[in-house]
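> Just dropping this structure here.
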Amino acid sequence: MEVELVAHTPDPAWVIEQAASVCYDSTPTRECKLVMQCYRSGHHSVLEHASFTFKISGISRACSHQLVRHRMASYSQRSQRYCDEDGFEYVTPPSIELSSYHDSIENALDEYVHLKNSMGRPAEDARYILPNACVTTIYVTMNLRSLINFMRERLCNRAQWEIREVAKEMRKLIVDVMPQADEMLRPKCETHVDYPFCPEHKSCGRHLTLKGVYRAE
């Protein structure tokens, strides 16, 4: 898996600061204090002025399917209709590192090649036999507001392991160019920094559920 930040709004915090200052008829400052004030008060629309574009490669189709469920983003993905998948690479979940798993993948590859090359079936039909483990490459563009929502779901310990690793890498790259995002891009249990709690029915153990917090008090 490789996650690369290929483009972003130049000086994103400053852009947001200037946009937010218009709303309040105030003077923007290089400290970008208004950025955090807007975030903490829930005025998140101004965060949409900063966007980030990633190239994500070496992830499974199963992972990319989860990624594109986040609708407030733009996606461009490697096409199995137009791209040759002969000898495709694939992702192996740590929990099923078994010879039978690899045998199944190899069988799918053999059938794909047979359908396409020996039987002359179009790639767009032969691809139906390809597994979700097949690796893909996808470009993703999200604004900061959408990224906050994405991170709240996908940094959660209960998110699937592969999409969680993608989210972690994306977060690192964003914080490198916009340190203010460190507080914003967190799992949903840490949205409220001063009183973290798990909003799920069952906690992973990182924080108590809200019901557990009340019981503890």
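Note that the numbers count up from 1, one per residue, in the order the chain is shown.
Placement of Cβ uses the backbone N, Cα and C atoms for every residue, glycine included.
Heads up, here are the entries from TrEMBL:
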- S45, R69, H70, R71, Q77, N143, L144, R145, N149: FAD binding site (BINDING)
- Q66, L67, V68, R69, Q77, R78, S79, Q80, R81, R127, R154: dUMP binding site (BINDING)
- R154: active site, involved in ionization of N3 of dUMP, leading to its activation (ACT_SITE)
> Is it possible to get the count of other C-beta atoms within 10 angstroms of the C-beta of R81 (dUMP binding site)?
10
> Counting Cβ neighbours within 10 Å across all chains shown, tell me which of the binding-site residues Q66, Q77 comes out on top.
Q66
> Report, as a single number, how many Cβ atoms besides its own are within 10 Å of the Cβ of S79 (dUMP binding site).
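Its Cβ has 11 other Cβ atoms within 10 Å.
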> Give me the CA-CA distance between V68 (dUMP binding site) and Q77 (FAD binding site), in Å, as a whole number.
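If we compare the Cα positions of V68 (dUMP binding site) and Q77 (FAD binding site), the gap is 10 Å.
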> So the record assigns S45, R69, H70, R71, Q77, N143, L144, R145, N149 to FAD. If I measure every Cα pair among those residues, what is the longest distance in angstrom, as a whole number?
28
> If one looks at the chain holding S45 (FAD binding site), which residues at least 6 apart in sequence have a CB under 8 angstroms from its CB?
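Result: R145.
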> Fill in the CA-CA distance, Q77 (FAD binding site) to R154 (dUMP binding site), as an integer in Å.
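Pair distance, Cα basis, whole Å: 20 Å.
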> Find the one among the binding-site residues Q66, S79, R81 whose C-alpha lies closest to that of N149 (FAD binding site).
Q66
> Of the binding-site residues S79, R81, R154, which one has its Cα closest to the Cα of H70 (FAD binding site)?
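Answer for the nearest of the binding-site residues: R154.
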> Taking only the binding-site residues Q66, S79, R81, which one has a CA atom nearest to the CA atom of L144 (FAD binding site)?
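Answer for the nearest of the binding-site residues: Q66.
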> Tally every other Cβ atom lying within 10 Å of the Cβ atom of R154 (dUMP binding site).
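Its Cβ shell of radius 10 Å holds 22 other Cβ atoms.
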